[in-house]
Amino acid sequence: MNRVTLFLLSLPLAGCQGWQSTLDAHGPAARTLADMFWIFTAVLATVWVLTMGALLLALRKRRVAGADPLATNPATERRMTIVISTAIGLTFVTVLALTGISYGGQRALYSHKDGALTLLVTGRQWWWQITYEDPQTNRIFTTANEIHIPVGEPVLIKLESADVIHSFWIPNLTGKMDAITGRQNQVQIQADRPGVYRGQCAEFCGLQHAHMGMLVIAEPKEDFERWRNNQISAAKPPADPERQRGMEIFLSKPCVMCHQIRGTDAGGKIAPDLTHVGSRRYIAAGTLETTRGNIAAWIVDPHGIKPGVTMPTIQLEPDEVQPLASYLEGLK
Amino acid sequence: MRNLLTASIAVLILTACEREDREYRANPVTAETEEKIALSPLSGGPSPPVERRSGIGQGYEENAFHVAQGKKLYVWFNCNGCHANGGGGSGPPLMDDRWTYGGQIENIVQTIREGRPNGMPSFRGKIPDDQIWQIAAYVRSMGRNVRKDVAPGRNDDMHPAPAEQRRPPGEVIDGGQISPSAQMPQ
Amino acid sequence: MTQTLAPHDVALDAVPEPTRLLTGQPAGMPGVQSEADAPPDPRELRDDQVDGQELTARLARTWGTRKGIIGALSTVDHKIIGRRYIITAFIFLFLGGLSAVAMRMQLARPESGLIGPDLYNQLFTMHGTTMMFLFGVPIGEAFAVFLLPLMLGTRNIAFARLNAYSYYVYLFGGAMIWFAFMLNIGPDVGWFAYVPLSGPEFSPGKRVDFWAQMITFTEVAGIAVAVQIVVTVFKMRAPGMTLDRIPLFVWAELVNAFIIIFALPAVVTASVMLIMDRLVGTHFFNPAEGGDALLYQHLFWFFGHPEVYIIFIPATGWVSAIVVTFSRRQAFGYIPLVLSMIATGFLSFGLWVHHMFTTGLPQLGASFFTASSMLIAIPNGIQIFCWIATLWDGRPVFRTPLLFVMGFFFIFVAGGLSGIMLASVPIDAQVHDTMFVVAHFHYVLIGGNVFPLLGAVYYWFPKFTGRMMSERLGKWHFWLAFIGFNITFFPMHITGLMGMPRRVYTYLPEMGWGNLNLISTLGATMLFASFVVFLVNVVVSARRGALAGPNPWDAGTLEWATSSPPLPQNFDRIPVVTNREPLWAHRNTLPVVAGLSVENREVIISTATAGRADLKESSPEPSIWPFLAAIATTVTFIGSIFTPWAIVWGGLPTTITLLGWFWPKGVKEDEA
């Protein structure tokens, strides 16, 4: 019994933690939103309790039986009119106050500060393409499904779509914004603390809408710069023979039609850039942790994991899988 | 009468299933099919030329999802680099009725897989077999050699020509010459 | 007009001495002559010349439906068509419910392999489409078709053949989309079908075309019935039913009909543009050629938000009727209740952008829609407060219908309040398109429509069938539904806040949403079980329930003045209304008017505001042509999925059937 109570009590609190929770705020925008949510909840719950109380009282009231349903007592009518008018007045004031709070929150949420970093995020069926913009063109690079940001700095995200409408949403940091075909939207994210925050496409976008996740990794400035410089650089040729063989397999197989690995001949641009795929925590848009086994599983049977995904099933000899996975895992 | 009704309903149902299926997980045994298609009815000896068709082409041609996938891949794999939107460029046009190397889906698959003289590269090992079939099915739809309710509609792009489904149904005339415009500069 | 009334017995076999309102002496406003005042044709038998059993039998013959399949398909009796409408809408409710249960099974565990993404997407699309278009809109109209003529004291609905036609079109459209689903042509792009996902490039095949044509079917049917409702309410009320004596349920249906007439054309526009983009290569939604994907969303939600009120406003009618009857007190605040319904109707057109807060619209514009969305809390508040006041001052009788209305208060108020959160642009940015929204609108729609609807079925079942539903099963049904509903949908608030988006066919185990989803699934099973109890109750009660009699609940409105189920003519003599609750004002006797033909289908047309008898008009005879016209329309619509030429070729049979429908027959009234 106790355990059941404990479990039930833990349910409402469960929303307060977790890496994709709106109420576990890790940025100024998300905090404003969470605060607003609790204010609204408190006010509206009070209204609900009062209304239900009134209903309950109305039902429990003692009364004379058998009176004429058309007979009304003018005094009662007047009293009820006054009570209802007051209630309506209070509703109006409440609604006005909430509108005001909402407007304040809206101003806070959408007033973009100047930030050092601008990202172009393109929603694609069913992954996120991320381009770090830079005035120096040789410092522009593209990655997928994993955004690194420096802690405490506002980062502007420009949103576009390459196919259908997607929605960019990192609940721990801020509310969502749609990536709409033929348009560009903007949203700003900022993290207060280092951490890993998960996000997910929030606008239905087809077969694999459910598996279109991404990570935002907030880290101290110097870690971020180190990461960025590494991302800018091309992939280093592998040293050990197994991975060298993996690279040969990669370059001789259909992989190159779609994927790019900077520093090699693979230059496809229609699938995630794999130059540093081994440094990313997840593959397949936030679906599988980056391990050698998962990479092998993904290559051998992507449709078993994400049915309908664009990645085709690649015909490999049994002894080709390990080297290939090993090579990709090593692309740090 | 009743038989006719039952038969027509059955046909309706079957065509619907064929057209609408999203068979995204290709047969795990995607060994290449070896198709053998004659380009002309002439052959040495008394018997007609020997043909071998696996018949899987029909499954691609009559499925709207496969044709639509093929349309995507056609652009992604840069087929339009040479063939444009079917009108041809440095490669021959694909929306007319002349097929230098045969216009059956099996011919087109072979063309993509093996390559042809005068510039068509071989994509064997570069494009998985099921995707080759999808592209070939789409190429067939460019001259409206597939059913109208299977051919793709317009894209969300600039439009040089009516969408495949709005073109008049095409013929296939095998053989013939490469049009001068499509000849590689010698 | 009520000055010459003499009291008469309600009972059908009584021998009332009719009030001759239609026999020559001016009964309306002085100085205004109307046809109703003209002397009757002496050759025709009138209802003041016969009485009792003979009158009942003759009228039943005049207004009856012929036997046999042709007769059944030709009928224009609003009660028969209304009953078919209600049953069909309930069948779709059950189908939609089954698809929901299938989805809940899939979501019970993370990474469950029960249903793949392709089928899951079709399931949630069918669920939303069915509930919104094939259940939500029609159910309100279905009740109107059955009840309005009875409540207004007339013999049939206006444009009775159109009524038959609209039912068949609705039936064929709904059947088409479900057959398509079974043939794997089920739409898979959501009930909203946003472009470009639903456009030609990303949705190959015919799935979306079937969806778009289903919209056309249901819109044709929906608008036709809405027009009938408006005309019936304005022109066919019983003499003496001034605007402020119209029952609240009828007001609700009237406001609802106006919303339908103004909202549905927007979605027809959207779906026709979509199908044209898909089939004939127009570029309405192609940004590359100057189209706009957001245009679709505007059009869709300009319909889509009023749609919520199309679903909710009939329910305010059901709630009003049930609250008044079971409080044993006339409605407190009749005028405010009516005005708030009308205000809701107007405001519902100013809210649509709150479905698009995350599309990056200009912020000032968005905040305007926050204000207008929150404003709708005020008319809704007025309604809730007035109902509570009625209960407060009344003497509530706890029967199953009132129980469901209590469930409505509990659930709908919660849903309405969470709606205020969604009206706020910033909060919406977090919870938009999450399970929180799913929870919210199920609280609003199931709380605001289905619970009152179930109450309404328990309430009017005796009128529909002549038998009472079981109270014991009714209580089981209520508690199972109430508890099951809350177990299903309350946890979704939390899963949504924990970041679970809508329309996902599965989720990763490490997201921590598994237990809450499992609870929701268990609740859904319970909710479904409650509907099984309901089904059993309906079937058993329809055969073996206690006989009801004309007025089992001691209610006050006119539909209870006639037998249960009503005879084809509804009333032997048309009642005269002197009060909002005629049966409470005239406990034992009900004033009636006479002078209508017994041999022809004649109804009283009254003036729009004062409800003064104005004209005697003939009501259409049964005809097979509406059914044939519906078939021709269906063939045209389905054909146009495959070729635009179907519109041209299908125009021919449609025209022929319409010609047959309207072929002048020399109605006897015209000869006079």
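In case you wondered, yes, glycine gets a Cβ from its N, Cα and C as well.
Here is what TrEMBL says about this protein:
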type     : residues  : note
REGION   : C:16-47   : region 'Disordered'
DOMAIN   : C:63-578  : domain 'Cytochrome oxidase subunit I profile'
TRANSMEM : C:85-107  : transmembrane segment
TRANSMEM : C:127-152 : transmembrane segment
TRANSMEM : C:164-185 : transmembrane segment
TRANSMEM : C:210-234 : transmembrane segment
TRANSMEM : C:246-276 : transmembrane segment
TRANSMEM : C:308-327 : transmembrane segment
TRANSMEM : C:334-354 : transmembrane segment
TRANSMEM : C:366-390 : transmembrane segment
TRANSMEM : C:402-427 : transmembrane segment
TRANSMEM : C:439-461 : transmembrane segment
TRANSMEM : C:473-498 : transmembrane segment
TRANSMEM : C:518-540 : transmembrane segment
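Among residues of the same chain six or more beyond the transmembrane segment (C:127-152), those with a C-beta under 8 A of the stretch's C-beta atoms are 78-79, 81-83, 85-86, 88-90, 92-93, 95-96, 99-100, 103, 163, 170, 173-174, 177-178, 187, 190-192, 211, 214-215, 218, 221-222, 225-226, 228-229, 232-233, 236-238, 241, 246-247, 249-250, 253, 256-257, 260, 307, 310-311, 313-315, 318, 445, 449, 453, 456, 460, 463-464, 557-559, 562, 566, 570. Distant neighbours of the transmembrane segment (C:246-276): 137, 140-141, 143-144, 147-148, 151-152, 193, 195, 198-199, 208-209, 211-213, 215-216, 219, 222-223, 225-227, 229-230, 233, 237, 282, 284-285, 296, 299-300, 302-304, 306-307, 309-310, 313-318, 320-321, 324, 331, 334, 337-338, 341-342, 344-345, 348-349, 557-558, 580, 640-641; these residues of the same chain sit at least 6 beyond its ends, with a Cβ under 8 Å from one of its Cβ atoms. Through the fold, the transmembrane segment (C:402-427) approaches residues 315, 319, 322-323, 326, 354, 357, 363, 366-367, 369-370, 373-374, 377, 380, 384, 387-388, 396, 436-437, 439-448, 451-452, 454-455, 458, 474-475, 478, 481-482, 485-486, 493 of its own chain, all at least 6 residues removed from its boundaries and within a Cβ separation under 8 Å. A mean pLDDT of 94 is what the model gives for the domain 'Cytochrome oxidase subunit I profile' (C:63-578).
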